[in-house]
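**Student:** If you scroll down you'll find the structure; I have some questions about it.
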Amino acid sequence: MAALRQIAFYGKGGIGKSTTSQNTLAALVELGQKILIVGCDPKADSTRLILNSKAQGTVLDLAATKGSVEDLELGDVLKTGYGGIKCVESGGPEPGVGCAGRGVITSINFLEENGAYDDVDYVSYDVLGDVVCGGFAMPIRENKAQEIYIVMSGEMMALYAANNIARGILKYASAGSVRLGGLICNERQTDRELDLAEALAAKLNSKLIHFVPRDNIVQHAELRKMTVIQYAPRSKQAAEYRWLAEKIHSNSGKGTIPTPITMEELEDMLLDFGIMKSDEQMLEELLAKEVQAAVAP
């Protein structure tokens, strides 16, 4: 059996990280891979498309019900879904109460101690990436996830989050084996999105693994709590996810130590691509509008 690959999908909230990861993992099953998903997002939506159900019970919720994590059995928290994919959600506290990253730490320790990582080819962590705090960075910090894939788009905040995540990876890369596997761009149909994604990947000393085109069939599948791979296996979008899965599968050992950029460099890049207008351009447009308004009858 090949060595266990521990990968993680990071990305800002709402970027489509969980949807992308579940579709990719469903496609990896078709390549004969055995997979465990560890959801590390407080929304606990990392496995619903694989399980074809509402969010599963989380480790923290079930531990609270039973008394403590020590009172749990592996079967209490681990469910099996599409293609035999094993699913666990770490969960988190109520909003405004405690550290959401605590669930990540508790879950990973529990799963390792109870043999959940045995007999799988991939462990995939689905992690919130708006902030890379100690808890959410746990898969990186503890040298669990060794290949990080950042899901992003051509939108400003998605680019900012991707750069921030790269900074978090860099912090732990020198002391461990964690590497940036690459960027995955979820198309939002912004200006020059593909060019921008490739440019950011290059600046981060990485590569754009795949550009996932926008397609409404993804939403149709999600409404039915299914991946596109399951819902419409012969669709063009399913083929895109299979292509992405193949790229990740062949990317073992090809990760890099990222070179994050400053906020000023990120803004300069947006200016270079004509995405963000300079102060001079904004003033010119404002003056033109004022002149137009003054001469209007």
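Think of each number as a place in line: the chain as shown, counted from 1.
Heads up, the Cβ atoms here are built off N, Cα and C, so glycines get one too.
Pulled the feature table from Swiss-Prot, pasting it below:
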{"type": "BINDING", "residues": "GLY11, LYS12, GLY13, GLY14, ILE15, GLY16, LYS17, SER18", "note": "ATP binding site"}
{"type": "BINDING", "residues": "CYS99, CYS133", "note": "[4Fe-4S] cluster binding site"}
{"type": "MOD_RES", "residues": "ARG102", "note": "ADP-ribosylarginine"}
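So where do these features actually land, and what's packed around them?
**Tutor:** Using a 10 Å radius centred on the Cβ of GLY16 (ATP binding site) and all shown protein chains, the other Cβ atoms total 22.
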**Student:** Please compare the binding-site residues GLY11, GLY13, GLY14 by how many other CB atoms fall within 10 Å of each one's CB, and tell me which has the fewest.
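**Tutor:** Candidates: the binding-site residues GLY11, GLY13, GLY14. Fewest Cβ atoms within 10 Å: GLY14.
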